[in-house]
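Worksheet: the structure to be examined is printed underneath.
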Amino acid sequence: MRYGDFLSLCERSPLPVCRLFGDAVLPTCHLNPYKAGEAFFVNLPDFVISIIALLVTLYLGFRAHRRLDAVGRREIALLLTLFSICLVLNIAGADFIYLSPKANRWLGVVNTALTISFFWALMLTGFVGFQIMADGSFASILSIVVSTAIIFIGFGYMAADTAFGISSGLKPKPSDPLYSPGLFTMYLVFPLVALAVYITAQSIIVVKYLAVRLPLIWLFSSLICFAVAQALLFAASKKICTGSNNKIDGAFFATLLDSAAVFCIYGFWTSITEDDTEEYEGGFKY
């Protein structure tokens, strides 16, 4: 596989980013579609697991908000909110194919920008424990929200330019329609870098400042879930699809394990923070 070329990836995996290159770019093995109004329901298993993951994420966000004295509660709640939005867009943009090619491409644009934005926010969350800015402060929340919004807009434009040729500078050439090294780098390489930074930062906090080891189990469980998810999505999705007679593919397991990775991050956060008011029954603190 050539660096920057999405052809082999899009042939093997049902990636939302592949929508940027047109409706004709489908995995060689895809699930049986069902007509649903102006769209086709193309991935029922992934839809179901995404709904379950969304409900669990919302519950964890609620729990995080109730841990009134825990360090970084607002930042972790913000991260869970962003992941919830990613799940909603995954349902809309990956589990359905619409009759409008433009709608499919725009959903691919939003999904791509959200994925990059989530990993940016995750990386920033990794530094909260260093108290560069007081956790939960206006400055801390604003820095994450504003920078994440800038990342979303900037790389949303990059994805849109790739899909629609707005400036004709990023749209792949007709002779090489799925070649986009810039998009490849930000969609596939940057998340790995962001995750590595987060894991490193949190490991330093746990080992150097907290002098404990047990929370690392949560941290590295998250890493394992993420790694297995990518392996199943990129390397095994076609085999899973053909082996199940087009009933399930790697997207189901990727969503399941990516969600498990985020839940492990929440578990890690709760294991390194103390909160005497977790069972507080009064109103919310803002």
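Glycine is treated like the rest: Cβ placed from N, Cα and C.
Keep in mind that what you see is a predicted model, and the values were worked out from it rather than measured.
TrEMBL lists 47-64, 76-100, 106-130, 137-158, 178-199, 211-236, 248-269 with the feature transmembrane segment.
The stretches the transmembrane segment (178-199) and the transmembrane segment (106-130) meet in space: the count of Cβ pairs below 8 angstroms, excluding pairs fewer than 6 apart in sequence, reaches at least three. Same-chain neighbours of the transmembrane segment (47-64): 41, 70, 73, 76-77, 80-81, 83-84, 87-88, 90-91, 95, 252, 255-256, 259, 262-263, 266, 269, counting only residues six or more beyond its ends whose CB sits under 8 Å from a CB of the stretch. Residues 74-75, 78, 82, 109-110, 112-114, 116-117, 120-121, 124-125, 128, 166, 170, 182-183, 186 of the same chain lie 6+ residues outside the transmembrane segment (137-158) yet bring a C-beta within less than 8 angstroms of a C-beta in it. Beyond the ends of the transmembrane segment (76-100), by six or more residues, the same chain brings 14, 16, 19, 23, 33, 36, 38-44, 46-47, 50-51, 53-54, 57-58, 60-61, 64-65, 107-108, 110-111, 114-115, 117-118, 121-122, 125, 141, 144-145, 148, 251, 255, 259, 262, 265-266, 269 to within a C-beta distance below 8 angstroms of the stretch. Long-range Cβ contacts of the transmembrane segment (211-236) within its own chain (Cβ-Cβ under 8 Å, at least 6 residues beyond either end) map to 9, 12-13, 15, 195, 199, 202-203, 250-251, 253-254, 256-258, 260-262, 264-265, 267-268, 271-272.
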